[in-house]
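Participant: Before anything else, here's the structure in question.
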Amino acid sequence: MIQTDVKSLTDVLRDAVESAKDKQAPQLLSYTKEIENVDPFLFFHQANQIEGDRVFWSRSEENFYLVGAGDAYSIASEGHHFNDIERKWTSLLSNAIVQNIHRAPGTGPIAFGGFSFDPKKDKKTLWKNFSDSQFRVPAYLLTIVHNRSFLTVNIVARKEDHPEQLHYEIETNKVLLTNSDVTLPDGPTIELKTEIGSDCWKETVKNATDLIQKGFANKIVLAREMRLSFKNRAVVSPVLKQLSETQSNSYIFAFENGPDCFLGATPERLVRIEDRQLFSTCLAGTAPRGKTKEEDERIGFELLHDEKNRAEHEFVVKMIREAVAACCEAIDIPEKPRVYPLRNLQHLHTPVRAQLKEGYSIFDVIQRLHPTPALGGLPRDTSLAFIRAEEQMDRGWYGAPIGWMDANDNGEFAVAIRSALIQGKEATLFSGCGVVKDSTPEAEYQETAIKFTPMLSVLGG
Ligand SMILES: C=C(O[C@H]1C=CC=C(C(=O)O)[C@@H]1O)C(=O)O
Ligand SMILES: [Mg+2]
């Protein structure tokens, strides 16, 4: 990576085109500048007018936002080729010209993307626009961090490009993206709501429970779908804004691929790496929220002491502890979970902290962690084989890692649950639950019903 001194955009564009000519190969240029504060939802909305797809990421408690417009560069593959993606990303960075004096997290060149849950599952047309592994470097990236806004322009310059022309395009797009004189349209209105294969799903839960009781597995996570039809094409920007306003303690994310947009509000962090510190989360075990403070506290207390939910949770802690031990030191995991409240439900939660050992990257951690028994089960192979064979749906990107990484080895991935795939006038919502020996189909059905609500409520439900 060539870090340039402070130069004007015109000058670095000229450098990039010259370099493309010298190398006879495209040259990635990344140029970051602090800008006036911008509303991230308006930026996302306006990004619809820029060629290419959009991405969104936020953690509202931390006032951290990443909003990407257009693709400067993409890396995609069928299958989970973690090493291959990492190699391509590292090689792209090593040849990039970067001007980023601020070096704030999430600024400069970032790769934003995700994975499918299980590349070995038969694919359904629902997910036809998504690859098993797919990352993009947004052409325009808004980063809001510590109450400051930054705009990074990532551009692949080619030998035949004219620096002045590129400059003109960038300036025009910048004006468009940061235009604050727009209002967000309304969210969608539902015409039809269908839960897919509920009876069959309950049957599968029963089969999984039987298998567990016979000792073939400890835990199997099973998911189901709900389909919505809207009156008009759903616009994503107001949905993201509403998610952000209603779902605290969550990551709000969106990844667009042509006419489709996968989005959600997930409470589950898979891994965050910051200055080689690793943070992960064990999240499993669920109960509803109470209507009054007393009822809420009673339900939370019962959840903490409930044998079935504690078992569901412990399988996750055990596996994450082992996975993290393989690539970290100074591991810190509390003995007991605590209650993690969300708007519509509460979970058992155990935070994980560790120090990533030299020679390991965020991809090494993802590869070891995915899928945790919060989405797959235990043992991993047995549960995945069961899901592959018995689950009636294609999870696609639901339940899989989604997130970003920057040029300084920092990054963060969440597990894409509480999510939906919006496709024009339709949306598919996903919800799953951990089946253990004491599970009953009806209780698991109710649990998955509550897990639809974060998405359903912002989609007009
Ligand atoms: C699989 C989902 O949730 C997981 C995460 C937290 C709690 C879970 C549970 O209690 O079953 C699930 O393992 C989902 O929301 O679709
Ligand atoms: Mg559960």
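Positions of Cβ are set from backbone N, Cα and C atoms, glycine also.
Heads up, TrEMBL stuff is auto-annotated, nobody curated it.
Heads up, here are the entries from TrEMBL:
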| type | residues | note |
| --- | --- | --- |
| ACT_SITE | LYS219 | active site, proton acceptor |
| ACT_SITE | GLU268 | active site, proton donor |
| BINDING | GLU312, GLU447 | Mg(2+) binding site |
| DOMAIN | 201-451 | domain 'Chorismate-utilising enzyme C-terminal' |
Participant: Please list, in sequence order, the residues in the chain of GLU268 (active site, proton donor) that are at least six apart in sequence and whose C-beta is under 8 Å away from its C-beta.
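Facilitator: Counting only residues 6 or more apart in sequence, the Cβ neighbours of GLU268 (active site, proton donor) under 8 Å are THR281, LEU283, ALA374, ALA414, VAL415, ILE417.
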Participant: For the C-alpha pair, I'd like the distance in angstrom between GLU447 (Mg(2+) binding site) and LYS219 (active site, proton acceptor), rounded off.
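Facilitator: Approximately 16 Å lies between the Cα of GLU447 (Mg(2+) binding site) and that of LYS219 (active site, proton acceptor).
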Participant: In this structure, which of the binding-site residues GLU312, GLU447 has the fewest other Cβ atoms within 10 Å of its Cβ?
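Facilitator: Minimum Cβ neighbour count within 10 Å, taken over the binding-site residues GLU312, GLU447, occurs at GLU447.
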Participant: Return only the integer: C-alpha distance in Å from GLU312 (Mg(2+) binding site) to the residue listed as 'active site, proton acceptor'.
Facilitator: 7
Participant: In the three-state scheme derived from DSSP, which category covers GLU312 (Mg(2+) binding site)?
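Facilitator: Its secondary structure by DSSP: helix.
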Participant: So which of the recorded positions LYS219, GLU268, GLU312 sit close to ligand 2, that is, with a CB under 6 Å from an atom of it?
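Facilitator: Passing the 6 Å Cβ check against ligand 2: GLU312.
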Participant: According to DSSP, which kind of secondary structure is GLU447 (Mg(2+) binding site) found in, if we only use helix, strand and coil?
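Facilitator: SS state of GLU447 (Mg(2+) binding site) = helix.
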Participant: Indicate whether the residue listed as 'active site, proton donor' is helix, strand or coil by DSSP.
Facilitator: coil
